[in-house]
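A quick write-up on the structure given underneath.
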């Protein structure tokens with residue numbers, strides 16, 4: 001977007017925010033999943049479809065120079081790619097929610113730590129590969145090579161174990177249908193014998209008549225079955241929606257989710273602008289910034305460990321307050337970077353960027369971990385996919401709104417790829433937004449800990 005499409009920072013920020021919109025409608029995917037009867041739910045088809053949606057946009061972008069030069073088509077491809085990723089994430093969320101509920105609150109942090117640590121390991125390898133690719137490969141080759149990653153995800157679908165309940169339900173349905181057929185046959189047999197005094201005919205004609213009646217009733221039964229399926233689907237959708245609204249309106253769920261929404265949407269995200277500043281003004285190579293993400297992923301793993309080891313028994317209000325104070329300190333470091341005040345202390349730009357990224361990822365985990373654990377434990381059986389997806393959508397939608405707010409702020413301050421005079425002012429506004437959610441911590445129950453037990 002910066003080098004090939006020559007887009008401004010505010011435009012890039014806006015398009016990136018729009019591309020991530022599919023993550024904000026995850027409850028739709030969850031409702032589709034939850035409306036299928038539990039015994040018939042299959043995870044693999046969802047994962048296959050989502051992997052395909054993630055695979056083809058990267059491949060098409062790599063093969064088409066026109067797509068790489070058109071901001072609208074490029075954003076459309078990103079939306080499709082994020083749609084596939086979000087669909088797969090719903091399945092993963094549901095699996096984790098089921099595991100958290102069955103494992104109990106004592107092991108909830110361990111399961112979330114395993115999930116995030118696994119993602120961090122993948123992020124480390126991805127960042128190293130990305131940093132190397134940006135330095136040594138053309139952009140079209142990078143997209144084609146990276147399309148192998150969702151292809152690998154598609155292959156791993158064969159290792160996902162489906163519940164045997166789905167197979168059992170098929171057998172039960174077949175047995176039920178066979179029993180219905182037997183009842184129909186016996187009913188027709190009774191009808192045929194009762195009408196024998198009216199018709200003097202051969203056994204063959206009686207048999208033909210019974211078969212014709214059986215076909216007629218079978219067609220009626222099929223039509224009735226189709227009607228029942230449509231009614232059941234409507235009932236399932238209605239039931240899922242009512243259960244979702246009932247669960248979400250509970251104060252124990254609504255108030256914490258309201259705080260998490262405020263904590264993200266109130267903070268204008270200008271990370272894209274900082275990327276422009278770091279590459280255009282500080283002259284840091286994009287490959288360095290990609291490799292620097294390795295430090296961020298390591299700090300994410302460290303933050304997960306620290307939270308699970310030392311903080312999960314602390315009060316949630318205190319954890320979230322110190323997390324936002326820490327994020328405010330990170331914003332102050334960015335202000336120092338933009339103001340160039342660190343130069344007089346002999347601190348290089350690279351170290352400011354590296355340590356700022358590392359601390360931000362670690363501190364964000366102190367905020368994200370209790371959110372995930374709380375979300376997993378609040379999900380009741382039967383709608384875990386929908387409700388957990390709703391929780392994550394609240395987080396994603398609020399982050400998207402924060403990104404749109406950042407794009408609007410960037411445009412209002414006339415920040416461009418060659419004009420960063422007001423960037424320090426924009427970071428000051430971000431600092432004020434980071435401190436604002438602390439005033440709404442009364443929405444978090446007073447005695448709830450990071451373990452939420």
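Cβ atoms are placed via backbone N, Cα and C, with glycine included.
Values in this document were obtained by computation on a predicted structure and should not be read as measured data.
Residues or ranges marked as compositional bias 'Basic residues' in TrEMBL: 201-218.
Look at TrEMBL and you will find 201-227 tagged as region 'Disordered'.
The transmembrane segment feature in TrEMBL is assigned to 12-32 (among others).
Residues or ranges marked as transmembrane segment in TrEMBL: 44-61 (among others). Here the transmembrane segment (44-61) has Cβ contacts under 8 Å with residues 29, 33, 67-68, 74, 77-78, 80-81, 83-88, 90-91, 143-144, 146-147, 150-151, 153-154, 157-158, 160, 162 of the same chain, all six or more residues outside its ends.
Under the heading transmembrane segment, TrEMBL lists 73-92 (among others). Beyond the ends of the transmembrane segment (73-92), by six or more residues, the same chain brings 1, 5, 15-16, 18-23, 25-26, 29-30, 33, 43, 46-47, 49-58, 60-61, 66-67, 115, 150, 153, 385, 389, 392 to within a C-beta distance below 8 angstroms of the stretch.
Per TrEMBL, transmembrane segment is recorded for 113-135 (among others). Tertiary proximity for the transmembrane segment (113-135) is limited to same-chain residues at least six positions away from its ends with a CB under 8 Å from its CB atoms, namely 92, 96, 141-142, 145-146, 149, 285-288, 290-294, 296-298, 300-301, 304-305, 307-308, 365, 369.
With a cut-off of 8 Å between Cβ atoms, the residues of this chain six or more beyond the transmembrane segment (141-160) that come close are 43-44, 47-48, 51-52, 54-56, 58-59, 61-63, 68, 84, 88, 126, 130, 133-134. As annotated by TrEMBL, transmembrane segment applies to 141-160 (among others).
The transmembrane segment annotation in TrEMBL covers 258-277 (among others). A Cβ distance under 8 Å defines the sequence-distant neighbours of the transmembrane segment (258-277), meaning residues of its chain 6+ beyond its ends; these are 2, 9-10, 12-13, 16, 289, 320, 324, 334, 338, 367, 371, 394-395, 397-399, 401-403, 405-406, 408-410, 415, 417, 420, 423, 426-427, 429-430, 433-434, 436-437, 440-441, 443-444.
The feature transmembrane segment is assigned by TrEMBL to 289-307 (among others).
Annotated transmembrane segment per TrEMBL: 319-339 (among others), in sequence order.
Under the heading transmembrane segment, TrEMBL lists 386-411 (among others).
Remote same-chain residues near the transmembrane segment (423-444) are listed as 255-256, 258-259, 262-263, 266-270, 273, 277, 316-317, 320-321, 324-325, 327-328, 331-332, 334-335, 338-339, 406, 409-410, 413, 415 (criterion: CB distance under 8 Å, separation of at least six residues from the stretch ends). TrEMBL lists 423-444 (among others) with the feature transmembrane segment.
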Given the transmembrane segment (289-307), its same-chain partners at Cβ distance under 8 Å and 6+ residues beyond its ends are 109, 112-113, 116-117, 120-121, 123-124, 127-128, 130-132, 134, 275, 278-279, 319, 353-354, 357-366, 369-370, 450
